[in-house]
Amino acid sequence: MSDASFNASTARAAHRPDEAGFGDYFALLKPRVMSLVVFTALVGLVAAPVSVHPFIGFCAILFIAIGGGASGALNMWWDADIDQVMKRTKKRPIPAGKVEPGEALALGLGLSGLSVMMLALATNVLAGAFLAFTIFFYVVVYTMWLKRTTPQNIVIGGAAGAFPPVIGWIAATGDMSVEPWLMFALTFMWTPPHFWALALFMRSDYDDAGVPMLTVTHGRRATRVHILIYTILLALLALGTAFSNIGGPIYLAVALVLNALFLLGAIRIWRRDEADSEADNFKTERGFFKLSLLYLFLHFGAILAEALLRPYGLGGWG
């Protein structure tokens, strides 16, 4: 983070016209990202082959959500300099001058410690340890290192967003098995095409901020090829998961439809040239990005449906 940019951001925050409200501090937690964390963690917890007391389950999801929010606050603290450059992020609390960087740091560190400690106490130490590692990986490995140094930033860094279902499973069972890692892999392989689609129509933002996204370092043509390759690998993984212990006929039906649409979208992106994209303001790329959000939620929703129906003999493969 450049000192000049950081000091400028700090100066604006120090002279902000209005005191920050609850909504400003809540925005530091990245609530939209937190919703994905909560949902995938919930699916991991419910899909586990054990009975969890509702109160323990609620506490587990709450503290995982707080840990995810803490990661978001620390991410915004560190990225304050580039957030004020990018159009997509310049209205965030710190660059907008509503919250001081030091406040975001204190909030992030405090919530990190609280979430890890309380998750370990409410469920088990292994779950708390995995949450601590996830926060560390997202903040230190991804935000502080990978994001600004390599075009593979979101490929490797995607692991941080893939851990919540694993943590949910461990919170329920106290140990690990193959199934939560299938959910991890699903999220991990989904992350690159999701963010590369965004980078196709937000390339100038990343370029201006000095973030080496694939579109900046290798161009849009190479990014389109990468999206297609990862989408094919993702489809194979998603369809294979249908025949695991967390899959079933409902999941298979959902996966067949979604992956057909996702592959079609990736092929359309791969076939487009820059003139077509510029002409319609990246309409296809924006549509693929929106579809990617639905893609992950519906896959995990299908896993959840299979898990909820399994006790009645209706979920899974019998």
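The backbone N, Cα and C atoms fix where each Cβ goes, glycine too.
So that you can see what the record holds, here are the features copied from Swiss-Prot:
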- 33-53: transmembrane segment (TRANSMEM)
- 54-74: transmembrane segment (TRANSMEM)
- 102-122: transmembrane segment (TRANSMEM)
- 125-145: transmembrane segment (TRANSMEM)
- 154-174: transmembrane segment (TRANSMEM)
- 181-201: transmembrane segment (TRANSMEM)
- 225-245: transmembrane segment (TRANSMEM)
- 246-266: transmembrane segment (TRANSMEM)
- 288-308: transmembrane segment (TRANSMEM)
The transmembrane segment (225-245) touching the transmembrane segment (154-174) per 3+ Cβ pairs under 8 Å rule: no
Spatial neighbours of the transmembrane segment (33-53) far in sequence, C-beta under 8 Å, 6+ residues away: 60-61, 64-65, 68-69, 72, 161, 164-169, 171-173, 179-180, 183, 187, 245-246, 296-297, 300-301, 303-304, 306-308
Contact yes or no, the transmembrane segment (181-201) and the transmembrane segment (288-308), 3+ Cβ pairs under 8 Å, gap 6+: yes
Contact yes or no, the transmembrane segment (246-266) and the transmembrane segment (288-308), 3+ Cβ pairs under 8 Å, gap 6+: yes
